[in-house]
Amino acid sequence: MTLIFNIIFGIIAIILLILFFKPQDGWWYRLKETKVSRDRIILEDILKTLYQSQLEKITPNIKSLVKKLPFREQQTLKILSEMEKKDLVQVLENKVRLSPKGETYALRIVRAHRLWEQFLAEKTGYDKKDWHKLAEKAEHRLTDEHLEELSKELRRPLFDPHGDPIPYGEGEMPEISGKVLASFPEGTIGRIVHIQDEPESIYQQILAENIHIGSQVKILKITPEMVRFSSEGRLHDLQPIVADALTIIPLEKEEITENISRLSQLKKKEKAVVKGISRECRGENRRRLLDLGFVNGTEIKISNISPLGDPIAYQVRETLIALREDQAQYILIQKEGNDE
Amino acid sequence: MSKQTNIDNILNKADKLRWELGDNYHDYLTESIYTDAAAITRKTVQQKGKESVFNFEQKLDQIVTSKKWGFPIMLLILAVVLWITIIGANYPSQMLSDLLMGWLYPLLKDGANALNFPWWLSGFLVDGVYLAVAWVIAVMLPPMAIFFPLFTLLEDFGYLPRVAFNLDKIFQKTGAHGKQALTMTMGFGCNAAGVVATRIIDSPRERLIAIITNNFSLCNGRWPTQILLATIFLGAVVPNEFTSFVATGSVILIALIGIAFMFGTNWFLSRVMLKGEVSSFTLELPPYRPPQFWKTLYTSLIDRTLIVLWRAVMFAAPAGAAIWLISNINVGGESLAFWTIDWLDPFGVAIGLNGVILLAYILAIPANEIVIPTILMLTVLVTKDLNMGEGAGVMFEGSEAQISTILEAGGWTLLTAVNLMLFSLLHNPCSTTIYTIYKETNSVKWTTVAAILPIIMGIVVCFLVAFFWRL
């Protein structure tokens, strides 16, 4: 009895040891690898922070920079001085700036981050709320060849899923237009072109409101306490600090589609016409919906509802297609009888 | 201007213009193709006389997916199908068994003797290889030949997608696809066929989940084991008039535990192991149509039943050989089987089973059908009761009373029976299913996961049950 258990434990121990010390993907190797590249992560995070400050037209001093980063002060300072030697940053009167070389490097990181987010959105099943964290890790790992391959695979995207431009070539950047939502007067009709995914606490609220990028919004009321607007047939009341995460461009009259709502809001016995699929729906899912005939101009109505309430079967071109609620919300419709 | 700079200029310009195209240029393109195609069909294709059929279908759909009738109808149909399968399969099973084992087996044995085969050759070929194959055919063929056509008829009629539609929300909660309800039900017939049936799930992640968890559906090779143990051991603890009630109830309970494990594993796989795999849900509810009876019968027999049976036979033959050899090769005065059981016994007892059961599961990997006969043969071999059984390496089955006597002589308790019922539910899929999983996924990794995961669960569950039982 005990002999058997000893043998079994022995085998388990050997397997664990092998797993631990396996080259390439053993745990020990990974641990070692993360230790080696930790300096690189700090360096690249410093570059990113400086680049962000530069966009916000702030020149941080050493102290505030160190404070912004989640690393130990000593370590950050050490790396910072190495960066100065390598001519990635310039330190003048205690203020830190990116050198041209540093800026190119920073843009490469930004490119890696945004390309990876685009990749996650288009080619994987990861949830929106996980993209940023995963990209934060991937950006340090991706080589130039990876980036080139990714960009090609994704058909050279210009914007990431949040609407941020992806730098290309020697650090050129597509122009972005649009301003934060609350900077427009009440009554403006616009389109959401960018949703800021940082800080996480604010992005969570945007996700909870289920606001989609590319959707049409109408600003109803702006007060110091809250911003009220409607989008795709739904009403949203946001705190101004949350609403600031949304960037919109105003729409010309002929670009506006009236009475847009989501398929998930269609009720039984109502009829509607499909207007399109939200930009928030990507990759395989988007192609599937298109394949099934959810395209502009298609008439649609509810045929039956599952006993558990979800999914719902819709009648589309004489076929019955069942969609889950989280798919139906991406299909934009115009209810009949409410035309223009 | 030189040619080269000219080209460069054009490329630069193209690059600049590309930004202006915007991000969803590809979508606009696809959308407009669809819109144009739709406009053309609307103009050129005429349809007539579909209205009344359509109305009838809608009425039917309203009933089978209604809150009130949706689930009762579903359960009723499932119960009827299972009942017809289990009851109906008994007769052909008995006939096949009489034919292959009662008539042909002694004939082959005599033939081998008449041809002066040495005892080991006739034992190896007839008692080992032939008997295992015959056993698998007799037990496996009839239920599959009844279940699959019935299932295919329902599918053909158009009812099954409605079942997926009704149940989808439950599966969605665990990260799976409603159509998994169908592959799961198919698994009650045969896991290998259930795995093949996952082809109806077109989302890669959900399909993989359905493949890996299909083993948690109690297949028809395992129903008899469950029923036998439930009758002999669990039924015996209550007064006679409740025996069949308790036995049926406990078998159903095991099947439900299997479904619970399936949902749990779905959840685990979709949240942990398969996180990030692409998932896209589509479920079309095709129009109802009268089933094509003969065609359905033919294709379900050829495509499902015979292919699965053929694979099972291919695996059963070497297993029969192995069972016979391990019982007949003697080392130091005892058979190899005896030594292996002796070695496995401490571990087996620790998880509330015994060495015989573990060895039987190792040997009977090709088909769950031969687990009980193997256990009986090995138990007799170990207890050295020469009045029982058919001899070393020859599988057999007997009446419930005989089986009960043999197992009790082998030291079985209520705990052994309960744990074997659980272990029969939670162990690696049979080799036919494992091979089918490999064929369908084309991945060694997922095949390994599908094979190892349930057996780890089985060992853990059995160990826990034994631990608390003995407190």
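Including glycine, each Cβ sits where the backbone N, Cα and C put it.
Annotated domain 'Nucleoside transporter/FeoB GTPase Gate' per TrEMBL: B:139-227, in sequence order. Across the range of the domain 'Nucleoside transporter/FeoB GTPase Gate' (B:139-227), the DSSP-based residue counts are 71 helix, 0 strand, 18 coil.
Annotation source TrEMBL lists domain 'Ferrous iron transport protein B C-terminal' at B:252-300.
Sequence-distant neighbours of the transmembrane segment (B:69-91) (same chain, 6+ residues past either end, Cβ-Cβ under 8 Å): 63, 142-143, 146-147, 150-151, 154, 159, 163, 166-167, 185, 188-189, 220, 223. Residues annotated as transmembrane segment in TrEMBL: B:69-91 (among others).
Using a Cβ-Cβ cut-off under 8 Å and counting only residues 6 or more beyond its ends in the same chain, the transmembrane segment (B:129-154) has close neighbours at 77, 81, 84-86, 88-93, 96-97, 100-101, 104-105, 108, 160, 185-186, 188-190, 193, 220-221, 224, 291, 293, 296-297, 299-301, 304-305, 308-309, 312-313, 316-321, 323-324, 366-367, 369-370, 373, 394-395. The annotation transmembrane segment is assigned in TrEMBL to B:129-154 (among others).
Among the features that TrEMBL reports, transmembrane segment is placed at B:223-239 (among others).
Per TrEMBL, the feature transmembrane segment maps to B:245-269 (among others).
Sequence annotations record features per position, and here TrEMBL assigns transmembrane segment to B:308-327 (among others). Here the transmembrane segment (B:308-327) has long-range neighbours at 123-124, 127-133, 135-137, 140-141, 144, 190, 192-193, 335-337, 340, 359, 363-367, 370, 374, 377-378, 381, 392-395, 430-432, 435-436, meaning same-chain residues at least 6 beyond its ends whose C-beta is under 8 angstroms from one of its own.
When Cβ-Cβ distances below 8 Å are used as the criterion, the transmembrane segment (B:347-367) is approached by residues 132, 136, 140, 221, 312, 315-316, 318-319, 322-323, 326, 337, 340-341, 374-375, 378-379, 382, 410-412, 415-416, 418-420, 423, 427-428, 430-432, 459, 462-463, 465-466, 469 of the same chain, each at least six residues removed from its ends. The transmembrane segment annotation in TrEMBL covers B:347-367 (among others).
Proximity of distant same-chain residues to the transmembrane segment (B:405-426), defined by a Cβ-Cβ separation under 8 Å and at least 6 residues beyond the stretch ends, is recorded for 216, 218, 222, 225-226, 229-230, 232-234, 237, 250, 254, 257-258, 261, 351-354, 356-357, 361, 368, 371, 376, 379-380, 382-383, 385, 388-389, 398, 454-455, 457-458, 461-462, 465-466, 469-470. For B:405-426 (among others), the entry in TrEMBL reads transmembrane segment.
Summarising the annotation, TrEMBL assigns transmembrane segment to B:446-469 (among others).
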